[in-house]
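The block underneath contains the structure these notes are about, expressed in structure tokens.
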Amino acid sequence: MNRLGRKASETLIEMAPSADDDIAVLTKFKLLQSEGEESNGPLCETLSTAGSEVPSSSEQGLSSTETTLLIPDHQVIDKRHQSKDSIFFRDGVRRIDFVLSYVDDLNKEWEKKLERRKEFESNLQKAGLELETEDKKESEDGKIYFVKIHAPWEVLITYAEVLNIKVPIKENDIPSMVENPLDCMLTPFRLPEKVMHPEPDYFTAPFSKEKQELYLINDESTFFSPSMRNRIVNYILTRCPYGTEEGKKKFGIKRLLNNGTYSAAYPLHDCQYWKKASDPNCDNERYTLYMEWARFLRFYKEQPLDLIRKYYGEKIGIYFAWLGFYTEMLFLAAVVGVICFLYGLFTMDENMSSKEICDPAIGGEIIMCPLCDRECEYWRLNTTCESSEYSHLFDNVATLFFAIFMGIWVTLFLEFWKRRQARLKYEWDLVDFEEEQQQLQLRPEYEAKCTQKKKNPVTQEMEPYLPLTSQAVRFCISGTTVLFWVSLIIASMIAVIVYRLAVYAAFASLMENTQTLQPISGLLTPQLATSVTASCLNFVIIMILNFIYERIAIWITDMEIPRTHMEYENRLTMKMFLFQFVNYYSSCFYVAFFKGKFVGYPGAYTYMFNRWRNEECDPAGCLIELTTQLTIVMAGKQIWGNIQEAIVPWICNWWGRRKARNNPENLYSRWEQDHDLQTFGALGLFYEYLEMVIQFGFITLFVASFPLAPLLALMNNILEIRVDSWKLTTQYRRPVAAKAHSIGVWQEILNGMAILSVVTNAFIVAFTSDMIPRLVYYYAYSESDDSPMSGYINNSLSVFLISDFPERNKPKTNPENFVICRYRDYRYPPDHERRYLHTMQFWHILAAKLAFIIIMEHVVFIVKFFVAWMIPDVPADVKAKIKREKYLTQKILHEYELEKLKERLCQGDKRATEKEFIATEGKMELSRAM
């Protein structure tokens, strides 16, 4: 099926490895020219008009870029005759599949860049691509050249076969799922059918040039979708050579972008997002996505995943499918979390512990030991009345239920996502897609930097490789760098702990001596003030370290020279996640598992660096401080993330477009509009996944301390979906389409965090909350049958004789001449023969905590694994459809082969023997039987 006006032989692309180059280029492009045709031929589109006297590129043998430089000032294209929304060449027929831009800055590198561009564009033309250059005089700022690229039919079908792209062969006749009678209730949340399913469902097969009659090719110009076309062109651009420098073969658009030869390379959006294009040939998919998906007022609507996949590719589609599913599952967790919170709120007045603390006759008479050395004074327990009441909101029996529930919820989320993912793989023709096949294509950077070659044992071809010694050195440097930065995080966390220890005395003195703070002294205690300011300081440090380490992680991953794209992403993912894990969660781990656990007792306190006394928990427990820490870090990260994702790109684009508003609207072309947008880089999705996985850690690892965390995450994710869709549709250039059949290594990270969350929540309930000590008191030490929890506070506080204070710890003043003070621990009183040693109750509580951890972990793990076993990863109807589609597709292909053999027999082809005909029929029978 040849394209009009061209010979098939002119666009054949020879795919062969380079035998004599230092770099093993995967593809070698060669344009087979007819006799007498000039080197650039008709492929090079010049800017000269019909009446122009400027020589054509065919006459001069110049590239399109050079031709542009020869155009006189008065000979320019009248862009007013071309729609600003045009996504076609000037002939209005050939679609613009990719755009390159550059600035002619005339510096000392100008000649070298010009030579690179000439060679690169010449090789693109030899690869069969067609180019059309817009002179800088036609751009809105008068500085930027634009090279528009079109892939003709012959190039598309050649690389569709190379990339194993699946195309339709027959409309799908498998009946759709039986309608759910409850679907009518979901109608307000549905989108129109045309938006949800923009094209019919087909049986598909990998494209082959030899079987073009088999495929449903109604129109060559629209057979391959724009996302497929830009993926093919990008494949060529990343492998096209542009010369030899320093004895090494150089190739790929990425290098040309890095060295400034080109300023940008991007596919075009199909129209403006706020209105439809005037061109009837435009699909207006960007406009549809904006109106139905990217606006916040559509937050309650389902996502048009098929349209997202069609416009942006499967990789971005699978991300939004995962994010939407995660948000749906969060709704259940948020509802249960709110119920647990309301339980704490409604039972607050019944909490005996806070009643005793607030009672002037009990808490008002209990004198507590100073919380810091020398500067702090003795204080009455009832000063923590308000904080003890708020602590009950999160530290109650519902905490245990919610921790167990979230352990099971995580399993349900991961298992049901596998099922959802399997359905998407079927619907998006990814069942037979082996990501490894695509990703095993060597990275151009790997090919360029690895000069040594060896024979591949599978393909038996020579390919570049990195020597083992070089790999070992690079991994050592990488591991040392990662270890250094993790150590730096831990050091910063210790610095924050030192801050907490150092400023507590200052806050205590300030609140004691400042009259204006007296009215809120009950609410804003020195402990709370220290915790809030330390959390805010920790958040600022987290953001700064995160900003720096992102660049460090990319640098060390580049230095390792990963072999494939998948290997590169996996290595970078593990480095970034390890860092982020330590960076975001270290402070929460400190408050949950270390604060107040190694305090000592009055007269024998433990000190950090022999200088700062370790922190104590509030008499009501440390859980409220963990809640504070979690809320500040989690909410702060989400707010800051949304500002970064939405406001920053909008400001950058506004700043870049400010001059364009002064020009007539019809002079601001489609490629210039997209050029002024932000770039959605290769790691754009990586940061989106990382943000969500870190949030997933907050709502699973520490959820026992804050039942409202899933609600915060739900609210954030509803906003996140619309912010991500809005910025992708309106603020960023169109990303190059890429395939993916899963969320990749993130699935394993989520599985690991799900297992770890069971352990952390069991420890939080046992060691951070006060639940186990209360239960031990309730069943073993209570002295009242009518009110079993009365006397708990007095029982949980030990007695210390003030005269036993060493000089280092004793407060400077004791105006009321107190004789004893109380502290939170289970130790014998000073008049006991085992004074200040742990009581038997302490060991009973410790044993109960350890027993609880073992029982809770085993119960939750048993339920998790049972649920995972009960829920199959692939739904039964999807399995049946996959088998049915494979059978029908094979049948269609075999019938096609049989028909071709019949034609050859009828035409007297001697090679089409009767035995071959019988063998083909036998293959069809075997396929039916299987």
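Note that Cβ sites are derived from N, Cα and C of the backbone, with glycine treated the same way.
TrEMBL lists 103-137 with the feature coiled coil.
Feature annotation from TrEMBL assigns compositional bias 'Polar residues' to 46-65.
Residues annotated as domain 'Anoctamin dimerisation' in TrEMBL: 88-305.
Residues annotated as transmembrane segment in TrEMBL: 319-346 (among others).
Here TrEMBL flags 397-417 (among others) as transmembrane segment. Under 8 Å from some Cβ of the transmembrane segment (397-417) lie the Cβ atoms of residues 322, 325-326, 329, 332-333, 336-337, 339-340, 343-344, 699-700, 703-705, 707, 710, 747, 750-751, 754, 757-758, 761-762, 764-765, 769, 771, 856, 859-860, 863-864, 867-868, 871, 873, all in the same chain and six or more residues away from its ends.
Taking Cβ pairs closer than 8 Å, the transmembrane segment (482-507) reaches residues 371-373, 375-376, 526-527, 529-531, 533-534, 537-538, 541, 545, 549, 552, 556, 575, 578-579, 582-583, 586-587, 590, 608-609, 612-615 in its own chain, all 6 or more past its ends. The transmembrane segment annotation in TrEMBL covers 482-507 (among others).
As annotated by TrEMBL, transmembrane segment applies to 527-549 (among others).
Only residues 6 or more beyond the boundaries of the transmembrane segment (576-593), in the same chain, are considered here, and those with a CB under 8 A from a CB of the stretch are 482, 485-486, 489-490, 493, 496-497, 531, 535, 538, 542, 545-546, 549-550, 553, 622, 625-626, 629-630, 633, 637, 686, 690, 693-694, 697-698, 701-702, 705, 749, 760, 763-764, 767-768. Residues annotated as transmembrane segment in TrEMBL: 576-593 (among others).
For 693-714 (among others), the entry in TrEMBL reads transmembrane segment. With a threshold of 8 Å between CB atoms, the same-chain residues lying at least 6 positions outside the transmembrane segment (693-714) that come near it are 326-327, 330-331, 333-334, 336-338, 340-341, 344, 394, 398-400, 402-403, 406, 410, 577, 580-581, 584-585, 588, 592, 623, 626-627, 630-631, 633-635, 637-638, 746, 749-750, 753-754, 756-757, 760-761, 764-765, 768-769.
Outside the transmembrane segment (749-769) by six or more residues, the chain places 395, 399-400, 403, 406-407, 410-411, 414, 573, 577, 591-593, 597, 621-623, 626, 693, 696-697, 700-705, 849-850, 852-853, 856-857, 860-861, 864 with a CB less than 8 A from a CB of the stretch. Residues annotated as transmembrane segment in TrEMBL: 749-769 (among others).
The transmembrane segment annotation in TrEMBL covers 842-871 (among others).
Cβ atoms under 8 Å from those of the transmembrane segment (842-871) belong to residues 403-404, 407-408, 410-412, 414-416, 419, 754, 758-759, 762-763, 765-767, 772-773, 775-776, 780, 825-827 of the same chain, restricted to positions at least 6 beyond its ends. The average pLDDT the prediction assigns to the domain 'Anoctamin dimerisation' (88-305) is 86.
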